[in-house]
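**Student:** Could you have a look at this structure, given as structure tokens, before my questions?
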């Protein structure tokens, strides 16, 4: 049985928190009116933004930092807690990063750290201006990539609500959620060109009670990627594509990775992506565990690999090809998944020979190949539990002999 997901209660508590905070007159800290920011697209917003944050964070009553409409240049900012009362950021304008990647010496642009009872909203845009970075970000240029910034980082937040924000053209990931508890991201818009490398829409790790709801993600890598230590998570009502789908992983590349468990992905539409519902682990490398992962009520439109478990994940062919993955996968389900596949192989279950997948369920699957050939299903080291209408027939196709090179 799946572990109890405390998502709905946490969302209710979060809603009550912000309703109760709104009943108290919040102090407004306007970066333009009070701190001298200029919406001219040239003057650095960093100092006015940080000064406004520090005053708001020190307030003993609920406070709101306001970034009015207009275009602002922001070199980088690190906004730290703990704060003395609930704090909000009302972003109405467009905030732009320096276009030149050499302006960054570490992977941070906008970072929120160690904050409780936090809300960000307002319809504003965080524009990473990543086009120059995309041209230089190759698999050989690791040092360059290591300094590319994430658009927005949420690190060590508790009870947070992120609403109605756009992330555009990030140089690396759009949003990174790390070590957070009870954080909801909803009605987000994420956009970058489909050829933009490593621009995951939302990535998270070592977090519990994460909710991603009613968001539109178009990017060059995973729309959502779930790293180690993620527990009790809900993803629903997501529109994904272009991109690489919604992925658990990659996992097993590093030592001491924490288990991933209790993830439900439902009511999503995935269009023109390389992958759809995916779990990916590295061959060889290190151990780990993934359990209670449930993909339900998902529409696939022209997706190259709609349903994929890939325990031979080997992007750029940089892995131990002759070793089995040490990550244990169990209690995984794919239910009511329908649509079309761009390639004949609509379902691929490539599990580890040393640690075969356990309790993998397929129910009510109807995926048709867009081409002349019928859709097929491939299985390696797994015996799926099946029910309902199933198209393609489970495990009806040949198994690939080499690790996959898709990212």
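Heads up, the Cβ atoms here are built off N, Cα and C, so glycines get one too.
So Swiss-Prot lists these for the protein:
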ACT_SITE  221  active site, proton donor
ACT_SITE  244  active site
CARBOHYD  182  N-linked glycosylation site
CARBOHYD  267  N-linked glycosylation site
CARBOHYD  272  N-linked glycosylation site
CARBOHYD  302  N-linked glycosylation site
CARBOHYD  331  N-linked glycosylation site
SIGNAL    1-26  signal peptide
**Student:** What does the structure give for the C-alpha distance between residue 331 (N-linked glycosylation site) and residue 302 (N-linked glycosylation site)? Integer Å is fine.
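**Tutor:** Distance (Cα to Cα, whole Å): 27 Å.
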**Student:** What recorded positions among 221, 267, 272 are found with a C-alpha within 10 angstroms of that of residue 244 (active site)?
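**Tutor:** Those close enough are 221, 272.
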**Student:** At a 10 Å cut-off from the C-beta of residue 302 (N-linked glycosylation site), count the other C-beta atoms across all protein chains.
**Tutor:** 16
**Student:** How many Å separate the Cα atoms of residue 272 (N-linked glycosylation site) and residue 182 (N-linked glycosylation site)?
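**Tutor:** Their Cα atoms are separated by 31 Å.
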**Student:** For the glycosylation sites 182, 267, 272, 331, which Cβ has the most other Cβ atoms within 10 Å, all shown protein chains included?
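**Tutor:** Answer by Cβ density within 10 Å: 182.
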**Student:** Out of 221, 244, which of the active-site residues has the smallest number of neighbouring Cβ atoms within 10 Å?
**Tutor:** 221
**Student:** With residue 221 (active site, proton donor) as the reference Cα, tell me which of the glycosylation sites 182, 267, 302 is the closest one.
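**Tutor:** Ranked by Cα distance from residue 221 (active site, proton donor), first place goes to 302.
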**Student:** What is the interatomic distance between the Cα atoms of residue 302 (N-linked glycosylation site) and residue 182 (N-linked glycosylation site), given in whole Å?
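**Tutor:** Residue 302 (N-linked glycosylation site) to residue 182 (N-linked glycosylation site), Cα-Cα distance: 34 Å.
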**Student:** Give the distance between the Cα atoms of residue 267 (N-linked glycosylation site) and residue 182 (N-linked glycosylation site), rounded to the nearest whole Å.
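**Tutor:** That separation, Cα to Cα, works out to 21 Å.
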**Student:** Sort the residue listed as 'active site' into helix, strand or coil using the DSSP assignment.
**Tutor:** coil
